[in-house]
Amino acid sequence: MDKLIIGGVEIKNRLFVGSGKYPSNEIIKDVLEGSGSQVITLALRRVDLDNKEEDILQNIPKDVILLPNTSGATNAEEAIRIARIARAMGCGNWIKIEVISDSKYLLPDNEETIKATKVLADEGFIVLPYMCPDLYAGRRLIEAGAAAVMPLGAPIGSNRGLKTKELIQIMIDELDIPIIVDAGIGKPSQAMEAMEIGAAACLVNTAIASSEDPINMARAFKMAVEGGRLAYEAKMGRESKFGNASSPLTGFLD
């Protein structure tokens with residue numbers, strides 16, 4: 001069974017969760033417990049060290065890896081600045097690069113993301129860039145020092161599932177780096193599908209946070225991700241356009 005290691009850390013639970021859109025910060029601790037997640041993303045604007053009641057960090061256990069994102073950055077320079085601020089605030093060396101200048105579809109800018117990845121990786125950050133799935137961009141991100149890449153399944157927050165499945169599959173097949181499917185996953189079955197094709201992990205936020213019961217939805221996603229990974233490792237049987245009986249069709253009445 002393959003291990004998922006990012007930045008020298010073994011990640012045993014392949015479901016990453018986000019911290020936005022919940023009805024309150026207090027529920028996040030229960031979601032983390034239900035999901036079993038070891039990694040949580042957060043936007044810096046939700047970290048308030050001067051107000052413990054509003055500070056999201058008060059609800060995240062110390063053993064959970066913080067993955068601050070550069071939400072709000074529209075170019076590489078802004079992403080780099082946000083990442084440095086996150087580290088200075090004590091959020092650690094992990095960073096999820098988000099560079100988005102498109103306000104309608106919220107698609108990441110791969111070129112600016114590559115630039116930011118290079119600078120931050122050289123500064124010792126564990127860089128996980130959010131990207132539009134593309135084999136060539138993935139290769140360049142690896143060359144720039146990315147620890148993993150995070151291609152979108154569908155536009156962020158859309159809950160539309162794996163609309164980019166074939167492109168993600170190509171990246172999984174061709175790139176020797178963890179591929180973490182991020183954005184667009186709306187159902188546990190869609191997370192399972194991503195894991196079945198060989199994704200190293202899934203990041204889910206909106207589908208959990210916007211459900212009527214986020215804690216149980218987190219549990220459902222945990223089981224889906226585990227099941228999908230197990231199916232991938234078990235090497236599923238090939239598809240066929242013809243029927244193939246599972247029981248003998250001859251000999252019994254001869």
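Each residue, glycine too, has its Cβ placed from N, Cα and C.
If you look up Swiss-Prot, you'll see Lys96 marked as active site, schiff-base intermediate with DXP. The 1-deoxy-D-xylulose 5-phosphate binding site annotation in Swiss-Prot covers Gly157, Ala183, Gly184, Asn205, Thr206.
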Local Cβ density at Gly184 (1-deoxy-D-xylulose 5-phosphate binding site) - other Cβ atoms counted within 10 Å: 23
Set of same-chain residues at least 6 away whose C-beta sits under 8 angstroms from Thr206 (1-deoxy-D-xylulose 5-phosphate binding site): Gly18, Gly20, Lys21, Ile156, Gly157, Asn159, Gly186
Env. residues of 1-deoxy-D-xylulose 5-phosphate site, Cβ within 8 Å of mean position of Gly157, Ala183, Gly184, Asn205, Thr206 Cβ: Gly18, Ala154, Pro155, Ile156, Ser158, Asn159, Asp182, Ile185, Gly186, Val204, Ala207
Distance, Ala183 (1-deoxy-D-xylulose 5-phosphate binding site) to the residue listed as 'active site, schiff-base intermediate with DXP' (CA atoms, angstrom): 13
Tertiary neighbours of Ala183 (1-deoxy-D-xylulose 5-phosphate binding site) (same chain, Cβ under 8 Å, six or more apart): Tyr130, Leu152, Gly153, Ala154, Pro155, Ile156, Gly157, Ser158, Leu203
Residues that sit under 8 angstroms from Asn205 (1-deoxy-D-xylulose 5-phosphate binding site) by C-beta distance, when 6+ apart in the chain: Val17, Gly18, Ser19, Gly20, Lys21, Thr41, Gly157
Whole-number Å value of the largest CA-CA distance among Gly157, Ala183, Gly184, Asn205, Thr206, listed as 1-deoxy-D-xylulose 5-phosphate-binding: 9
Winner by Cβ contact number (other Cβ atoms within 10 Å) across the recorded positions Lys96, Gly157: Lys96
Secondary structure of Gly157 (1-deoxy-D-xylulose 5-phosphate binding site) (DSSP, helix/strand/coil): coil
Local backbone state of Gly184 (1-deoxy-D-xylulose 5-phosphate binding site), from DSSP in three classes: coil
